[in-house]
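To start, the structure itself, in structure tokens.
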Ligand code: GLV
Ligand code: MN
Ligand code: MN
């Protein structure tokens with residue numbers, strides 16, 4: 001089945017009528033459906049399917065073994081996300097295997113399609129849980145205890161999905177099988193819009209972190225409380241959001257975003273007793289994200305003090321800069337006939353794996369330049385070029 005047909009098969013799964021786009025979160029109903037769909041497709045393609053101790057799904061062409069060429073991506077989305085971020089890499093991996101089978105290619109090295117259990121952190125806050133657990137980049141106790149917005153822990157959600165969370169944790173045996181990893185992904189910026197190339201390789205990922213800012217004050221009546229008597233945590237929260245933009249604008253190529261804010265109790269006529277918000281901060285260069293967050297934290301603290309509120313800041317995740325393997329990138333570029341190489345501000349499981357095995361990215365042009373939103377897009381012809389390019393790359397690497 002071609003990659004566009006595969007994408008069409010899952011176009012109805014996890015649609016979010018309220019937010020628009022898709023909400024597909026690890027171990028929720030849409031995720032079950034997508035995982036089942038993937039397993040069926042992989043079996044139909046003649047692959048042997050196995051789920052590892054961290055819930056990542058492996059589909060092997062030939063016997064599992066060391067030095068494997070592995071390709072894949074994730075099936076989960078951000079809340080109200082686009083159709084392509086993640087699933088395009090999974091569908092393209094399956095399609096690329098079919099292209100190679102169709103031309104009678106016989107891999108000289110084991111080849112696998114890998115679906116990471118979780119990439120966006122959309123439900124439990126920490127991104128790339130599948131690859132972080134696999135590589136030991138997150139402590140399994142910490143992962144098991146992560147809670148979603150309803151208070152459900154990752155461990156509880158995993159049990160409900162039929163996994164044993166006691167087995168979560170570093171998986172050196174699976175990791176040792178990966179000779180190299182290539183992730184195809186929809187481009188998440190405007191990098192290919194002005195070019196005549198539908199695809200690109202990835203050169204690097206900028207460092208990024210997520211931080212929870214918890215402001216606490218005094219819950220009270222919106223009408224009966226004089227302004228001078230208030231300790232309203234929404235004020236320092238607002239000041240912090242403005243400071244995030246100001247501090248990022250003062251640092252070359254820095255990005256700072258507050259995309260989620262939760263007041264407690266959250267009533268129109270209630271002064272909040274506390275406000276939690278999450279800062280997503282990204283700056284290339286080791287230590288520079290920390291410097292940006294320090295700057296924002298200083299402004300937030302000053303605003304909290306001025307309102308008689310308290311502030312705690314918790315780092316929820318951090319990933320340092322990634323530079324993708326030069327040799328792998330060179331081999332990819334050679335078979336693709338010379339394509340642009342793009343740096344990105346978006347995080348990927350390939351970035352987590354890059355600390356352990358040669359890893360690379362292949363991007364498919366996105367004519368809207370929009371991602372993590374319903375307007376994310378890729379033209380069907382470009383999608384076909386992506387799968388064909390991935391097939392050439394796999395042929396080169398596994399031949
Ligand atoms: C994932 O796509 C991220 O960059 O947050
Ligand atoms: Mn994403
Ligand atoms: Mn992604």
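The backbone N, Cα and C atoms fix where each Cβ goes, and this holds for glycine too.
Please treat TrEMBL annotations as automatic predictions, because they have not gone through curation.
The Zn(2+) 1 binding site annotation in TrEMBL covers 74, 85, 185. Counting every protein chain shown, the number of other Cβ atoms lying within 10 Å of the Cβ of residue 185 (Zn(2+) 1 binding site) is 26.
Taken from TrEMBL, the feature Zn(2+) 2 binding site covers 85, 120, 372. In sequence order, 78, 81, 82, 85, 188 are the residues near residue 372 (Zn(2+) 2 binding site), counting only same-chain partners six or more apart with C-beta under 8 A. Classification of residue 372 (Zn(2+) 2 binding site) by DSSP places it in coil, neither helical nor stranded.
The allantoate binding site annotation in TrEMBL covers 210, 269, 282. The Cβ of residue 269 (allantoate binding site) lies under 8 Å from the Cβ of 221, 222, 223, each on the same chain and at least six residues away in sequence.
Listed in sequence order, 86, 89, 90, 115, 116, 117, 118, 119, 120, 130, 349 are the same-chain residues six or more apart from residue 74 (Zn(2+) 1 binding site) with CB atoms under 8 A from its CB. A strand conformation is recorded for residue 185 (Zn(2+) 1 binding site) in the three-state DSSP classification. In this structure, the C-alpha atom of residue 185 (Zn(2+) 1 binding site) lies 20 angstrom from that of residue 282 (allantoate binding site). Classification of residue 85 (Zn(2+) 1 binding site) by DSSP places it in coil, neither helical nor stranded. When Cβ atoms from all protein chains are considered, those within 10 Å of residue 85 (Zn(2+) 1 binding site) total 27, not counting its own.
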